[in-house]
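Take a look at the structure below.
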Amino acid sequence: MMNNNNPNLRELGLLIPASLMVNIENYTIREVFILSLKKRKKRIVIDEVTYAELTLDQALDLVVSAKRAEGLRDRTLKDYAKDYGYFLKWLKEHHPDIEYVHELSPSIFRDHINWMSGRTSI
């Protein structure tokens, strides 16, 4: 059952359940809004998951296998491998110390994108 006898609440278009309308006259409109807001949920780390260290080549094999299982065509998979090869070539020239996937960071990908956007097409 909804109770909207309070004219201030009715003007605002609020539908307040009757169970919450007990002594509603004692609350200000602002307090009603605060009571109705959902609290933000916090993320709590329950357990950390560790992954095996993948080399860059192992990562490509893993992605291609997963995409093949999804039913992507061979041509698409070859294009993925070709584009990844371009990325690896750039990575070895600009960041030769990186060997594993977990060593990659968003800034490295931004560097690569900036490098590609600065190149002219042939």
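Residue numbers in this text run from 1 along the chain shown.
Placement of Cβ uses the backbone N, Cα and C atoms for every residue, glycine included.
Automatic prediction, not curation, is the source of TrEMBL annotations.
These features come from TrEMBL:
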- 54-122: domain 'Core-binding (CB)' (DOMAIN)
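Within the model, the domain 'Core-binding (CB)' (54-122) carries an average pLDDT of 91. Per-class residue totals from DSSP over the domain 'Core-binding (CB)' (54-122), listed helix then strand then coil: 51 helix, 2 strand, 16 coil.
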